[in-house]
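Only one structure is covered here, and it is reproduced in the block below.
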Amino acid sequence: MFDTVLLNIVAVCWFLLAWAGYTVYARRKARTTDCLYTAVDKYARRWMEQITRREVRIADATALATLERNITFFATSTVLILGGLLTILGSQQKAMDVLASIPFAADPTPGLWEIKLTLLIVAFVYAFFTFTWAMRQMTFVTMMVGGNPLPQESEEERKRFADSTAQVLVLGSSAFNYGLRTYYFCLGALAWFIHPLLFMAATVWVVWVLYRREFKSDALLAMLHRLD
């Protein structure tokens with residue numbers, strides 16, 4: 001019994017350290033290495049600079065609306081997921097019986113089951129606040145684009161607008177990325193319902209997938225090639 005409790009504690013600590021550690025690592029590595037964050041930052045600044053050079057901005061407004069709809073979709077989905085988790089929390093015995101039928105699944109206890117669900121609920125609450133903050137920042141960008149300087153205004157004024165608007169756009173994109181990252185780690189946390197060791201292995205897999213996509217993906221190479 002003690003070994004099982006200790007293994008679950010180690011698994012949770014492993015999960016939290018991996019999540020926090022990768023977040024810090026990715027943030028620091030982005031300062032010295034090309035990644036999706038730096039590519040998005042460069043494209044955002046180029047986009048905002050181009051906006052100041054044209055008077056018709058219908059395409060820009062459409063692109064911003066599309067970005068905001070994507071974030072809204074995930075925010076709404078997060079609310080639905082939270083509702084489902086709370087429902088399972090209220091009828092946990094049925095879900096425990098389903099998992100107990102898996103041959104290699106660890107025997108769950110009601111208390112441990114509630115802790116597992118609570119971890120997911122807290123994570124998705126964080127994701128919800130992150131997505132809604134990303135939505136607000138995209139709204140700020142739309143407002144700033146609506147009040148951007150005209151092409152005939154001074155170069156200094158247009159550059160100042162491009163820098164500030166691009167910064168808000170990148171901040172919104174980063175918040176959206178943090179929300180998506182939460183989804184990835186929550187998928188790994190689902191393995192905890194089967195076995196703590198599988199939970200730890202899934203956490204490592206999630207970190208590897210995130211690293212590959214943010215620093216080694218084909219999409220990143222294509223974006224950087226376009227910037228050369």
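Each residue, glycine too, has its Cβ placed from N, Cα and C.
In TrEMBL, annotation is done automatically, which means it is predicted and not curated.
Sequence-distant contacts of the transmembrane segment (6-25), counting only residues of its own chain at least 6 positions beyond either end whose CB sits under 8 Å from a CB of the stretch, comprise 112, 119, 178, 181, 185, 188-189, 192, 196-197, 199-200, 203-204, 206-207, 210-211. What TrEMBL records for 6-25 (among others) is transmembrane segment.
Residues annotated as transmembrane segment in TrEMBL: 71-91 (among others).
What TrEMBL lists as transmembrane segment is 111-134 (among others).
Annotation comment: TrEMBL describes 183-211 (among others) as transmembrane segment.
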Determine which residues of the chain contact the transmembrane segment (111-134) at the Cβ level, with the cut-off under 8 Å and only residues 6 or more beyond its ends counted.
8, 12, 71, 74-75, 78-79, 81-82, 85-86, 88-89, 92, 95-96, 172-173, 175-176, 178-179, 182-183, 185-186, 189-190, 192-193
